[in-house]
Structures are given as C-alpha cells and as structure tokens.
Amino acid sequence: SPCDTVTTGYHSYCAGEEKRVGTRTVVVGHRPVSETDAYVAQKFCDNRIVSSKYTIWNFLPKNLFEQFRRIANFYFLIIFLVQVIVDTPTSPVTSGLPLFFVITVTAIKQGYEDWLRHRADNEVNKSNVFIVENAKQVQKESEKIKVGDIVEVKADETFPCDLIFLASSSVDGTCYVTTASLDGESNFKTHYAVRDTTVLCTDEAIDSLTVFNLCLGLNYKEKIYGVAVYTGMETKMALNYQGKSQKRSAVEKSINAFLIVYLCILLSKATVCTTLKYVWQSNPFNDEPWYNEKTKKERETFKVLRMFTDFLSFMVLFNFIIPVSMYVTVEMQKFLGSFFISWDKEMYDEEIKEGALVNTSDLNEELGQVEYVFTDKTGTLTENSMEFIECCIDGHKYKDCMPEADGFSQTDGPLKYYGKCREELFLRALCLCHTVQIKEGDQVDGLIGHPEHKCTYISSSPDEIALVKGAKNYFSSTKSKLNPFLFSERYQLLHVLNFDPVRRRMSVIVRTTAGKLLLFCKGADSSIFPRVQQEEIQQTKVHVDRNAMDGYRTLCVAFKELTQKEYDKIDRQLNEAKMALQDREEKMAKVFEDTEADMHLIGATAVEDRLQEQSAETIEALHAAGMKVWVLTGDKMETAKSTCYACRLFQTSTELLELTARTVGESERKEDRLHELLMEYHKKNTTMLSWTLSQEYGLIIDGSTLSLILNPSQDSSSSNYKNIFLQICLKCAAVLCCRMAPLQKAQIVRMVKNTKGSPITLSVGDGANDVSMILEAHVGIGIKGKEGRQASRNSDYAVPKFKHLRKLLLAHGHLYYVRIAHLVQYFFYKNLCFILPQFLYQFFCGFSQQPLYDAAYLTMYNICFTSLPILAYSLLEQHISIDTLTSDPQLYMKVSDNAMLQWKPFLYWTFLGAFEGLVFFFGVYFLFQNSSLEDNGKVFGNWTFGTIVFTVLVFTVTLKLALDTRFWTWMNHFVIWGSLAFYVFFSFFWGGVIWPFLKQQRMYFVFAHMLTSVSTWLAIILLIFISLFPEILLIVLKNIKKKKHQVRNKMIYCKTDAFSRPLKCIWHKSGFMFLQALALLQDCVSAQRTLGGARRRCTLAEPGARCRRTGLEWELERMARQMLLLGSMQYFANHANSFSILLFLPL
C-alpha cells in the first residue's frame, strides 16, 4: 500500500520502519501525520542559496584572519606590535600605515567581489515561484520554499530546488529537460513520470498524490508539478560548486622563495649590527660617553634582554627590505590585467555574441608557462555541428542517400525484410529510432503558421539531429513523436530504451498499423556487432572502418521483430524496473541487455563533425612554441586518428606507436603482451637514434589499455608499467588517447603534472565530461561550445573557439608573465636599494639604531612614491608587439620554464640593487667630506644627508623603470613623471609647514635648503647617472647584439635572392644602417666575382669573344656603393645619442 510520505535516497521505507542512512522522509503538502504513524519530524534547511563568503557581521574578523595568514602581512603585524611595545628607533606609523593600506585595499577588493555574489544570490532567492496549497496557486519568493511544497514550473523556467517529478501537462507524462544550470549540458533529455501520477495535471488533482519519480532541470512542456525534496544549500546545484580546489601559480612559489632569501638577509643584517654594537660598546668610552650617561634602569637591565631588544630594534629598522606592498600590487595587477582578456575584440565570437571570460585572475601569468596542452576533440577541435555524409546499407555505399552507381535501384537484388526493401527499412529505422523532438515555430495571435514553416529539432545528441535531417530529405518528417507518418504509415511508439555511455546504444519498440512489433537499435559498432548475426558484420565493418579513417563519426543500425509474447514479457520487466525504488538503474540495464539481442544488422551511418576554423594552425603554433599537445577523447581510434592528421597533430612523417586493444589483444595474458610492447617502445627510446629530430613519434592509446597501465593486476609480470609508459609519452611529439572516460582524462593530466620538474599543464574542453581534467590541470580552459557551459563555468578561462587559444597563450600569457616577473624582481630590487644605505649608515653612527630617513619617507616610499609606475608598467608594458608574439610562436620559449624568475636573474637584480645602494650612500658620504656645501659656511646635518640619499634613490629606481619601458602610453608618462613631481611637491610641503602633531620638526625647511646648494644638484645628477650607467651600457650592448642578429638574417636573405631579386635584396628595408650596408656590399662583391668568373670561362671557351659586364653586375656595384654611403649616414644619425653618452664618459 502507498505511504503518506515520499522517501528519497538509497533506501525507502514507510511509516514505522527504522530510519536508515541516506534517506529522508518528506510529508507532501505538509499534511498532518496520523498519530499511529511512528514518524519523527525532520528539520530541513530553507531554500536560500548562499554563494557569498562574508556577512556584514563577520566580514571584518573573517577577512582579517584570512589576510594575516599570509606570511608577509603577519610579519609586518609582528613588527608593528614590536614598535608599539618596545622602544624602537622608528615610529609605529612607519610599519602600521603601509600595513593598513595593504589590508584596506585587499579588503575592499574582496568585499566588492563578495557584494557581487550577494547580489547574484538575491536575484535567485527573491525570484517568484508558484506553490500549490489547498488546490490553489500561491506566489512566493524562491527562498521561502520548504521541503514538501508542491511547486509548479512552467516552460523555459529554472527549477528553484530539487524536485520529484509528479506530472506534466503532456498526455504521456514526459518532461524534456536540460541540465545546463547543473552540469552545463544544453541538450534535451527525456524524463518520465510514474504512470500513477501522470493523469494529475491540474492543481486540484495534484493535491491527492502518492508515489513519484525524481527529475531535475529545465522543462520543455507547458508546465510540470514537482514536490520539493532538497532545498537551498542541499540541492545538487549548491553541492556542485562546493569544494573547488585553489590553484597556485609558479610565480607565487618563486615569490615565497625570494621572500625567504630576503628574510635571511634581514636576519643577517640585524645579527651583524647587534653583534658589532656590543663590540663597539666594549670600549667604556663608547658604551657610556660623558654626554650620554645611562639611566639606572638601563644599568640594571640584563645584558641578554638588552641584546634581544636591540636585535628587535634592528629588525624594525631594516624591516622595509620585505616588500609588504608587493602583495597588494600583484593582486591589483592580476585583477585589473584580467580585463584585457575580456576586452580583447579579436577573441569575440560573432556567432554566439560572446567574448573571452576570466573566472580566475590569479593564473594570468601561468598562461605564459604552459608546457603540456590536453585537449578534447569533439566540440573543441571540431565544431560539434554534425552533418549526415553517407551511409552503408547491407555493404553498399550511399552518399547523399544516393548509391554510387544508380541510386536506390535494386539491381543488386532487393534484400527483403518483411516486405520492405533494404533501403526503405534503413531509412525507416533512422526516422523511428531517435529521441528528437520538434519545437514548432511561434504562432502570432493564435493563427496557425504556414504548413511549411521551419521547426527546431531538439535532441540530447547532435548526431541524432543530423540523421533525422538526412532522412527528412527523402521522406516526410514527423509532426510529433506520437504521430509519425512515414511511408504513409502510422507507428505507435511503445518504449524507448534510452542511450547511456555504458551501453553506447539506444533502441525503440514500435507497433505498425498491421500490428507487427519491431525493435530498432542504433549505436557504436563495438556495441552493435556483438548483438547481431555474425555473418552480417563483415561487409558493413569494412565501410565503418573506412569512414572512421576519413574522420567521420559512425553508428550502426540493427533491428529485430518481436512476437506479442516477447513484447509482453519486455513490457512487464520494463515497468517493474521503472517502479523499483532500489537498484533501478541496474535492473533497467539488465532488461535492456536481454532485449537488445539476436538482432539483424541493416547498415551504418557516417556523420561529419568539421574541424573548427584555424584549429590546425593553432596546434602548429602551439608546437612551435614548445608545447606538447595531447588529445584526450571518447571517440573510437580511427575517427580520432583521422582528426589528428587533419588538425596536424600528427604529420605524415610521424611514426605512430599503438597501445590499444588491437595491438595488446584480448588474451588472458594481456599484461604480458602490454609489457612486451612497452619494452619495445622504450628500447627505441633508449637505444635507437630515430628519436632525434630526424624522426618524430606519436603515441596512440585507448582507455582499456590505459586501465591496464595505471591499474595492473597483482600477478602481472611487471609493476612499473606507469613509469615506462610515462617515459615513452614524454619522448613523443604528440599523444592521442581515445575511448577515454572522464576520470581517465583526469588521471592522464595528473600523471604528467606530477612528473619530475612539475611541468605546467593546461586542459581545454567544452563539455561536462571535460570538467575533471579542467580542474586537475594547472590551468583550465573552457570552450563556450554546444555541449553546455559546465566546462566554461568550472574553468579558469573560457574562450569561444579553440583558435583563440593561440592569442591567449602566445600573446596574453607571454606578456602577463613578463610583466609580473618584472614587477616581482623590481619590488625586491627597489627595497634593497632602500634599506642598504640604512644598514651602511649604522657603521658611521656607532650602531645606535639611528634612522637615515625621515618617518614620512619610510612610510610613503612603497605606498606613494614608487607604487604607481610599476603598477602601470605591469598592466601596459609590451616589450614585443602582440602581432609579433602571435606570428612568431618561438618567442614563447624565451620565457618558458619560469625563465625570468630563476635564481640567475634574481641574483642580477639583487647585485644591481646592492651596487646602487652602495653608490647612493658612499656618493653622498664623499660629498659630505666637506659638510659645508654653501659659500656661507653653513653646515648640513644628518637629515640632509638622508634626504639627499632618498632623493637619489627615488629618482634612480623610477628612471630605471623608465629605461625598462618599451611601450609608452600617456598613462606611463603620467605616473612616472607624476610620481617624481609628487615626491618633490611632498618634500617641499612636508618640510615647509610646522606640523603641530609632531614632537620634533626635524625636516623643517631641510629639502628646500638642500636644493640651494649647487654641489647637491651636481651630486644628485651624477649619482643618478652612475647608478644607471650599467643598465644603459647593458641596453646598448643588447641593441648591438640585436642589430648583428638582424644583419645575419638579412645576409642570409640576400645570399639566396641576390641574383633573382637584386633590388629587393638591396632595398628590402629603407634606411639600412652601417653594418648592414657592409654586409650587403660583401654579398654584392661576391656576386660580381661569380659573374666575373663566368665571363673568364666564356673567354677561355671562345677566344676572342666579347663577354661584357652584365646589367646585373653594374646594378649591384652601383647600388652597393650608394647604399654604403647612405647606410653610414643613417647609422650615425640613429646612434647619435649613444655616441654622445660614450663621449661624455671620459669628461
């Protein structure tokens, strides 16, 4: 007997049964439960969706806790507390204000992002829905839905919660849904209500129901009724987006490593100064001079405690070597820089009216470090737009539904099946065996549209739509699924045995007007061939293999006739399986397996999935950029291999190594054969020279063989399959993995990601079956394709087409990496320049912890004076133009393997910062050998000394960035020169006013008075130039090397074209410089010698013959001499600045 409740989960029970794990009891419509029922009311969450991270009450404590988990923020917090507690040489403001700025900016950014999530949640929670209460419709907000409410959902609306499907407005109780909001799949899927509730199509009728069937998604019928069983954060939608792992870029790891180095430098400096202080104070006069006697408290303090306090004081004094503001600058650079990807017009697709999407801005620089690309095939490399190409019927090939010779003629002998010829039966199967639905065009004002109006096909698979359209070309298509008119006949659809990825086939059972029962089945060849008569396979298999080699997607079609007794048995078993509350899927699969047996093979179809535009060129560019591309697909090997050749993953010269079921075999000792193949291929790897550049190898492996490799049996002859297989894969130029399950795709990515060196991996796909590998890779790219948006939602970046991957990696990725790498190195460099003079100053002030710079300068150095120029540089710099980066993929390899954040460039920046810090300090120190810098004999003090050092510092590090800038915009000019102007203005303003809140006015009029000295002006200019001279010299040497490289390229060009195109050889580019002109003259002289030798041979061959100089000789000599003159003039004009600098040095 039916229960008064609905039970969901793996177990079901009626009132009085013991509660089991994984179940919940739902009272439909909140009816009162009988006192005799042993029912304990359960508490369920409300229907509010909460994707936000903070609330107005917990934002401050929670955000602060998360920010201080960062080592740099926590470090500066400790420094700030030390300054507050201990008597330190600098004010707590110097550490507290920068820390407050960083914390505030980060909190504002994170708060804004969370506010957007709150707003999105409110749009969902406040949306209106209709609830059936007491046989009436009641409008409520979505968040007020409770478990047990009966919800009415109309066509094209989103389900507000997880529902059990009760009934729909359709007669057969079907509901056509998409799960785009759940798993991204936009294809329609059919769901059925249990027959007991199918007739409950009104509000009054639905108020008296008993048992139900589960459904989730978007519906296509007019409306459906469902009971809410899971709400709010317990719905599949909410659970689907919980627990996503956090990805970290390689740049963050480098920052942490560099931070540890600078932390060691900081500890070393504090230790050295503390030690030398007590060495200095070992002399009684230095320890307690007559003018600075110690207090009683200082004399009674333990020496160890004093040493520890001094150590902390030096730590505070030198703490600015750790760039706390770098973190907030990096975050701002990533956040703002991500907009350039979204704004890129070249990555905008007119067809779908969408551009690129950035879901995670933390991995921008990782796009420039990719070494392995794992891509799906269908919908990623191909368009996922199917077109019916040809078919094979009983071994005969038909193209465009016409045979190669004479159409559907029966000259080969009509193969009769129950009165139907073979072609007619085949097309009958295509028209009947599918789940395609027809969505009629809109009607205006109730008028019926034109009978030939276009209609939209809706199906769970684009293959089915292609097959139905192919059949439609020759026969009338159906108006509805329940009323087909084919060959002027009516068929009754009895059952649909739906497709699933395990069976890889689907079937329908229909009844003809004559009462005959037929089963039509279509599916993959590996699924159909074992279930048909074996003597019918061979002729069709030849065509299937040939079509697969041509890159077509193939399906086989079969049928069988059922007796009434057989059908009654199948009908009873299907109904029992559909009604089962336990193991329903297994029971349904068992009935399907028994039904789809002993069929007759009719033929096979070939559907083409065209390659996406420029997919082949994109793969070639990725190969040229040093990336290895692997294709991971669920398609059969022949189809996937043909696609790989078409998209140039495999070249014609590539030798393919196969590890598939065909090569391994189906014997009981497959592991032994697999081991033999692995050792054979590995031997090629280690002993043969064919793995060099002269021969490329490609590997093909299928899912079954991969399972043997990743999960070998315990008694197999070898347990190191995985290591050998991985070595073979890494040596191959390309790898194709076919017949892959979604989990196997993720296993492949994880295997490569965890190899030695931890190469950066990128996965790209368009469907829900690609989500696992997208989440597993370092960088996940989603294609906004036709298989829904689950891939793009779970990815880090989403692009409309595969071709956009080229610019995303080669241009955006390259530039983002160069920018952020320069930003990181620059921050460490400028802070070392900042603190080193402070360290050196301690040697000249008795290690008294006297600060060199004023507190205002300490506070504002990283916040105001030097922050905006590097931020603008990291957003706008293009050291190479985007067009050049896209057209020359080899430039990508110059920054690969984290080249700009290795220890060698890090040490270069560190030594450069140390050199400049020494120049700043000792340059001003020698200037102050005569402390009277004015004619009036007025002496400058220690704050003037520090201000001069700080002025040289600010100008040098800012001009260093200007020297590094290759792409100037108005914003670069504004922030660079504006920052320098702001520093000068602030110094005048800070020293020109007596501030009442300051105890000491030590900077009053210091900056203005400093600039009255001509010696100070000359010293500042000279020290800036000396500091930047190594950088200028390096730029000049790089330019000379670059020009020499260009000359070599031009020489190669001229040597190949000097005779055929001499004018283009000479004037290929106007304004050749001096060295280029010399090279051209050398080529032309060589050409003259060649022609002269030919003339002498002419004279020797025919004595007395007149072998004159050809026009080519005269032209080469005249133009080369003219070019030498013009080139030398151009060279000196272009290098006038460099020559003036070099000539200035001796002066």
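Positions of Cβ are set from backbone N, Cα and C atoms, glycine also.
Sequence annotations record features per position, and here TrEMBL assigns ATP binding site to ASP376, LYS377, THR378, GLU464, PHE499, LYS522, ARG553, THR633, GLY634, ASP635, ARG739, LYS745, ASN769, ASP770. Feature annotation from TrEMBL assigns Mg(2+) binding site to ASP376, THR378, ASP766, ASP770. Look at TrEMBL and you will find 560-587 tagged as coiled coil. The domain 'P-type ATPase N-terminal' annotation in TrEMBL covers 41-95. Taken from TrEMBL, the feature domain 'P-type ATPase A' covers 127-191. Residues annotated as domain 'P-type ATPase C-terminal' in TrEMBL: 793-1040. The transmembrane segment annotation in TrEMBL covers 68-86, 257-280, 311-330, 856-876, 906-928, 940-962, 974-997, 1017-1037.
Shown here: features listed in TrEMBL, placed on the structure.
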{"residue": "ASP376", "record": "ATP binding site", "CB count, 10 Å": "29"}
{"residue": "THR378", "record": "ATP binding site", "CB count, 10 Å": "26"}
{"residue": "PHE499", "record": "ATP binding site", "CB count, 10 Å": "20"}
{"residue": "ARG553", "record": "ATP binding site", "CB count, 10 Å": "23"}
{"residue": "GLY634", "record": "ATP binding site", "CB count, 10 Å": "21"}
{"residue": "ARG739", "record": "ATP binding site", "CB count, 10 Å": "21"}
{"residue": "ASP766", "record": "Mg(2+) binding site", "CB count, 10 Å": "32"}
{"residue": "ASN769", "record": "ATP binding site", "CB count, 10 Å": "24"}
{"residue": "ASP770", "record": "Mg(2+) binding site", "CB count, 10 Å": "34"}
Any idea what the Cα distance is from ASP766 (Mg(2+) binding site) over to ARG739 (ATP binding site), rounded to a whole Å? 17
To the nearest Å, how far is the Cα of ASP376 (ATP binding site) from the Cα of ASP770 (Mg(2+) binding site)? 7
So what's the mean pLDDT when you look at the domain 'P-type ATPase C-terminal' (793-1040)? 89
ARG553 (ATP binding site) to ASP770 (Mg(2+) binding site), Cα to Cα, whole Å, comes out at 19
Counting CB pairs under 8 Å, which listed stretch among 68-86, 311-330, 906-928 touches the transmembrane segment (856-876) the most? 311-330
The rounded CA-CA distance in Å from PHE499 (ATP binding site) to ASP770 (Mg(2+) binding site) is 20
Stretch among 311-330, 906-928, 974-997 sharing the most Cβ pairs under 8 Å with the transmembrane segment (940-962): 906-928
Against which stretches of its own chain does the transmembrane segment (974-997) lie, if we need a Cβ under 8 Å and a gap of at least six residues from its ends? 856, 860, 864-866, 868-869, 871-872, 947, 951, 954-955, 958, 961-962, 965, 1003-1008
Over all pairs in ASP376, LYS377, THR378, GLU464, PHE499, LYS522, ARG553, THR633, GLY634, ASP635, ARG739, LYS745, ASN769, ASP770, the listed ATP binding residues, work out the largest Cα-Cα distance in Å. 27
